[in-house]
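Enquirer: What Swiss-Prot shows for this protein is this:
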type	residues	note
BINDING	GLY169, ASP170, ARG171, GLN172, THR173, GLY174, LYS175, THR176	ATP binding site
SITE	SER362	site 'Required for activity'
Amino acid sequence: MNLRPEEISSIIKEQIKRYENKLEVKDVGTVIQVGDGIARIHGLEKCMAGELLEFPNAVYGMAQNLEEDNVGCVLLGSDATIREGDIVKRTGRIVEVPVGEALLGRVVNALGQPIDGKGPINTDAYREVERVAPGIISRKSVHEPLQTGIKAIDSMIPIGRGQRELIIGDRQTGKTALAIDTIINQKNTDVICIYVAIGQKKSTVAQIKDSLEKAGAMEYTIIVSSTADELAPLQYLAPYAGCAMGEEFMEKGKHVLIIYDDLSKHAVAYRAMSLLLRRPPGREAYPGDVFYLHSRLLERAAKLSDERGGGSLTALPIIETQAGDVSAYIPTNVISITDGQIFLETELFNAGIRPAVNPGISVSRVGGNAQIKAMKKVAGTLRLELAQYRELAAFAQFGSDLDKETQERLSQGERILEILKQPQYDPMPVEKQIMMIYATTKKYLTDIAVEDIRDFESGFLRFMDNEHPEVGKDIVATGSISEETEAKLKEAIESFKKQFKAERE
């Protein structure tokens, strides 16, 4: 085949035109040490704190320690396939999770990947897990109630939208049950719920999902699960991921309730991670920044100003104490960060007082601002009467000859305690709570035997639904008890009481 010189030159010119020189510049590093879910990488000089790094075999890690000659990285997957000398690439991204309506009703892991077998999550929206909390100007004071449906809480330790209320107590005192009841009570309201399980057993998470499905609460709930068998970095990320999902709704003007169950296990996961990264240990071997770990998470709960859409993110963190020791490191930290705490006691739980709330040391620093007027009016004396009852009950053990006034106070206290008991998965609407607390504080139940109080309560609320539904509707509509409504309520209580007593005779 003969080619003329001019043909050769035209072919070469054509080839030169088509030639594309693609240069891809990537900041890469080399693994110098790996083990226990931690990798040390040489290179990556421009790496950011918290940046996502890509290892071979699609394993990702998160940069934590930026040192002079290496980067300490925690792995978000198995380290079994990673070897010394492997190339690590920067992604230029901070860890993100999917957000939006598509997540409702789903169970996801700490990276927002579905783990419920219902297929992929169809959303294009992503948010960084670490965000700066809203500033002072962006916020508004907490003033709307978030009804938990639990009489002891809504009456004495009210929670407002945008508040951070700690649930604290020993193991097996009903902390999770309290949180789940609060989620169930948000049905038919405009509140979206997120339950973050940190270091829990898989069976526990499955049981919670089952309970929420039975109550019809899963349709407005997201479960973020990082179970006990998962890597410490994933347990560390889970609450921030859940918070990012909640912030997406909050910034669209919606109301969100998020439960962190529990932050004790979160701190333990962070301690394990920090010690493996060779960070110096402090009190109880926790790293020095364990306060910041929780404060930067809980500060993201807020009630936004009207200019920012008026949305809210209410946080209910849970802390597990050891033998009721509230003065340990993590409990004191979280108590000082939150706007109040609900303290659950083993003694009360074992005595059959459930929910086992101790009103003496439980407090809501938002207080009456988070209550409707009607509840404020009827429940004002409740805490005082209970405190007097506890004091007198202690003295009454030593002597039997008590004066009439003391006997009356003891009798009233017993009835209040009985009224505040409530079965699990049975939250009560606020108007029914108000009617029942009104009947108790106005001493209509003094001549009803303590063992009959629960029957009286269920019968009375049925009677109000059937015979006087307008009383409840009026309380809900106005948020207060008018003189007319109060007169109707008094009449209804007396009428039902006669009927109840007649049935018992």
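Every residue number used here counts from 1 along the chain in the order it is shown.
Glycine too: its Cβ is placed from the backbone N, Cα and C atoms.
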Enquirer: Near the ATP site, what residues other than GLY169, ASP170, ARG171, GLN172, THR173, GLY174, LYS175, THR176 in the same chain have a C-beta no further than 8 Å from the centroid of the listed C-beta atoms?
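Expert: Other same-chain residues with Cβ inside the cutoff are GLU320, LEU344, THR346, PHE349, ALA356.
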Enquirer: Could you tell me which three-state DSSP class THR176 (ATP binding site) falls into?
Expert: helix
Enquirer: Going by DSSP, give the three-state secondary structure for ASP170 (ATP binding site).
Expert: coil
Enquirer: Quick one: pull the CA-CA distance for THR176 (ATP binding site) versus SER362 (site 'Required for activity'), whole Å only.
Expert: 17
Enquirer: To see if you understand the setup: which same-chain residues, six or more apart in sequence, place their Cβ under 8 Å from that of LYS175 (ATP binding site)?
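Expert: Same-chain residues close to LYS175 (ATP binding site) (Cβ under 8 Å, separated by 6 or more) are ILE167, ILE168, GLY169, ASP261, ASP262, ILE318, GLU320, LEU344.
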Enquirer: What is the Cβ neighbour count of GLY169 (ATP binding site) at a 10 Å cut-off, with all protein chains included?
Expert: 27
Enquirer: List the Cα distance (Å, whole number) between GLN172 (ATP binding site) and SER362 (site 'Required for activity').
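Expert: Rounded to a whole number, the Cα-Cα distance is 18 Å.
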Enquirer: Near THR176 (ATP binding site), how many other Cβ atoms are within 10 Å of its Cβ?
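Expert: The answer is 21 other Cβ atoms.
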Enquirer: Which residue, out of the binding-site residues GLN172, THR173, shows the minimum number of other Cβ atoms inside 10 Å of its Cβ in this structure?
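Expert: Among the binding-site residues GLN172, THR173, the sparsest Cβ neighbourhood within 10 Å belongs to GLN172.
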Enquirer: How far is it from ASP170 (ATP binding site) to SER362 (site 'Required for activity'), counting Cα to Cα, in Å?
Expert: 15
Enquirer: What Cα-Cα separation, expressed in whole Å, is found between GLY174 (ATP binding site) and SER362 (site 'Required for activity')?
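Expert: That separation, Cα to Cα, works out to 15 Å.
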Enquirer: Just to be sure I understand the packing, how many Cβ atoms besides its own are within 10 Å of the Cβ of SER362 (site 'Required for activity')?
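Expert: Cβ-Cβ neighbours of SER362 (site 'Required for activity') within 10 Å number 22.
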Enquirer: Just to be sure I understand the packing, how many Cβ atoms besides its own are within 10 Å of the Cβ of GLY174 (ATP binding site)?
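Expert: There are 19 of them.
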